[in-house]
């Protein structure tokens with residue numbers, strides 16, 4: 001029996017920093033499925049195996065949803081507690097955060113529900129008083145000290161144990177889902193360290209969010225759980241279908257938006273998204289959201305901290321300020337991407353990148369020192385957004401709701417006209433300063449060597465701008481009710497303008513400007529707020545921000561970071577408009593050495609081993625002979641190495657002079673010649689080929705849609721050259737007047 005008829009361990013796998021062959025992986029899965037289906041008719045046990053194989057995908061989605069939801073709940077509860085730890089501690093039980101501590105208190109009033117004897121600030125614990133300048137200095141010092149401690153622990157754990165746990169992870173996940181291999185990026189160490197350091201990074205008060213990293217955490221869960229199922233462990237393409245669903249579960253628990261999560265995975269992250277994956281993503285997102293809801297991390301029976309409900313309808317005229325917020329979001333997005341990429345490039349190319357711990361500590365110190373004096377920068381960003389989204393009611397004690405005559409309910413119990421009080425004007429100044437700090441500090445924070453998401457800081461910038469504009473519009477409507485634009489729809493004593501709605505629209509606009517999301521963004525925002533009737537304002541702002549940002553730069557932040565890091569990612573949304581041909585891009589070029597090929601029946605083991613040692617290519621075309629150059633197939637370097645090593649160990653008589661055959665039958669051998677080595681089983685007999693005159697526009701499209709890693713170029717059946725994914729990316733960069741050597745990986 002030919003030993004190659006049994007599968008060789010390692011054949012069909014890929015090296016690190018290589019691209020998978022989607023066509024081959026899909027073909028292998030079809031063969032596996034066909035074999036299981038045929039066997040299921042033979043016996044009951046085979047039928048049970050067939051059913052369990054079909055059901056394994058849904059079981060895997062259930063496990064991913066449960067694990068993602070549980071980890072998200074743990075992260076939310078821990079981050080809330082540690083954020084409050086910077087300001088004080090609960091003497092009734094140190095494990096309670098500020099809110100839960102005062103919930104259990106019998107000495108708390110509704111107006112001062114955040115003040116209770118059980119909760120002590122650090123000045124009360126250290127110097128027994130909360131009054132005076134010295135107490136303020138003690139609290140200030142402790143706030144900065146805790147922030148530095150959390151940031152130091154986060155960056156140290158990332159640096160020592162899991163370097164891949166830094167950043168948001170979405171650019172790398174997009175690249176992995178396109179078929180690239182980054183070993184360890186979705187491993188168990190990355191999951192553990194990312195979960196711990198995400199809590200520390202959010203608690204440190206830095207301008208970052210946990211929503212993007214939660215997608216990475218969910219994908220780590222998906223990748224680890226894939227190893228429990230043979231079907232997904234052994235097939236890279238099938239595993240990527242699972243990771244697409246895991247990304248949806250990640251967004252589902254990040255925002256409490258299961259439908260938005262599925263659309264985010266489809267619109268922003270996934271490369272290959274068949275209908276089956278859509279259903280499974282929906283199921284995984286549903287289970288994850290249900291698990292998080294069962295844990296109830298915020299204690300309000302909601303999935304998110306800033307769930308709000310508005311009760312006032314919007315008017316057609318308000319589309320003008322909503323579109324203005326869209327323009328602001330687009331300008332902010334374009335500015336942020338350019339400045340952040342410039343800073344990250346500086347970090348990569350200068351000495352700054354060698355000192356990640358110092359960089360994180362310096363940025364944390366600056367953030368904490370500037371944040372403490374202002375109550376809106378001191379609170380966590382999620383709480384800030386919640387405050388800005390809030391629609392002021394009669395019982396609100398926030399400064400943003402400090403309107404004059406607000407308790408005058410003589411007009412049928414409705415909220416009357418609301419002229420701004422002292423507290424509102426004070427809050428406006430503080431919010432303006434908060435906006436400047438958030439805009440500047442987020443540029444330097446995103447991309448540091450700690451887990452850092454961008455969703456929440458971007459939403460905060462937009463929400464502040466929106467609230468400022470909303471209050472401005474509200475006061476304008478109050479003091480100038482006789483103006484035509486207000487007179488027709490804003491009656492005396494009515495609550496016309498909802499500033500919280502402007503904050504929500506601004507948040508959507510800024511997030512859209514940075515990420516270039518559209519459909520998924522609108523769905524996430526209305527799932528967050530429960531405001532179905534506000535879809536039109538959200539759509540108007542999201543589309544305006546995308547148009548404005550696209551006019552200033554085509555790339556979203558994740559695509560820009562993919563290009564900065566040199567990942568081999570073919571963007572499906574971009575058009576290739578240049579009139580070049582396959583022969584202009586293929587290797588070898590006119591003056592290059594001839595293409596390295598293997599012949600089907602005339603090379604010895606030693607010849608092939610010499611070619612492998614002298615070259616670094618990922619694979620080799622196999623031809624009938626060097627003279628004819630007629631193509632037979634394509635063989636991968638890794639498969640060749642593993643097969644030859646395996647043959648030397650297990651097949652008697654295979655030596656350096658043994659001839660390698662890629663044909664079905666080997667001819668009879670003269671006596672005393674060493675046994676031959678048959679490697680037809682590792683040969684791809686249907687490699688993708690194009691002619692030398694095929695336009696590159698079509699070639700690029702083929703690479704995108706089929707996920708190819710290489711394509712062979714022929715002329716009248718003769719092999720001329722090869723085009724790899726890296727060649728395509730370099731050619732696109734060259735055509736765009738960019739550095740083609742910025743594509744780092746194979």
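In case you wondered, yes, glycine gets a Cβ from its N, Cα and C as well.
The domain 'CBS' annotation in TrEMBL covers 586-650 (among others).
Helix, strand and coil content of the domain 'CBS' (682-742), in residues and according to DSSP, is 26 helix, 18 strand, 17 coil. Summarising the annotation, TrEMBL assigns domain 'CBS' to 682-742 (among others).
Per TrEMBL, transmembrane segment is recorded for 55-75 (among others).
According to TrEMBL, the feature transmembrane segment maps to 133-155 (among others).
Summarising the annotation, TrEMBL assigns transmembrane segment to 189-208 (among others).
Feature annotation from TrEMBL assigns transmembrane segment to 242-266 (among others).
According to TrEMBL, the feature transmembrane segment maps to 316-337 (among others).
Residues 139-140, 143-144, 147-148, 151-152, 154-156, 159, 204-207, 347, 430, 433-434, 437, 441, 444-445, 448-450 of the same chain lie 6 or more positions beyond the ends of the transmembrane segment (357-374) yet place their CB under 8 Å from a CB of it. Annotation comment: TrEMBL describes 357-374 (among others) as transmembrane segment.
Positions annotated as transmembrane segment by TrEMBL: 427-447 (among others). Note on the transmembrane segment (427-447): residues 167-168, 206-208, 332, 336, 339-340, 343-344, 347, 363, 366-367, 370-371, 374-377, 384, 398-400, 402, 454, 457-458, 460-461, 464-465, 467-468, 471, 557, 561 of its chain, located 6 or more positions outside it, place their CB under 8 angstroms from a CB of the stretch.
Under the heading transmembrane segment, TrEMBL lists 454-473 (among others).
Among the features that TrEMBL reports, transmembrane segment is placed at 501-526 (among others). Long-range contacts of the transmembrane segment (501-526) within the same chain, counting only residues at least 6 positions beyond its ends with a Cβ under 8 Å from a Cβ of the stretch, are 251, 255, 257, 259-261, 263-264, 266-268, 308, 310, 312, 314, 321-322, 325-326, 328-334, 336-337, 385, 388-389, 391, 454-455, 458-467, 469-470, 473, 532, 534-535, 537-539, 541-546, 548-550, 555-558.
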**OP:** Determine which residues of the chain contact the transmembrane segment (242-266) at the Cβ level, with the cut-off under 8 Å and only residues 6 or more beyond its ends counted.
**Re:** 57, 60-61, 64-65, 68-69, 72-73, 173, 176-177, 186, 210-212, 214-219, 221-223, 225-226, 232, 272-273, 277-278, 280-289, 291-293, 302-304, 307, 455, 517, 519-521, 523-524, 527-528
**OP:** With DSSP as the yardstick, break the domain 'CBS' (586-650) down into helix, strand and coil residue counts.
**Re:** 24 helix, 17 strand, 24 coil
**OP:** Using a Cβ-Cβ cut-off of under 8 Å, list the residues of the same chain that are 6+ residues beyond the ends of the transmembrane segment (454-473) and lie near it.
**Re:** 168, 207-212, 254-255, 318, 321, 324-325, 328-329, 332-333, 336, 381-382, 384-385, 388-389, 400, 420, 424, 428, 431-432, 434-435, 438-439, 442, 445-446, 497-511, 513-515, 557
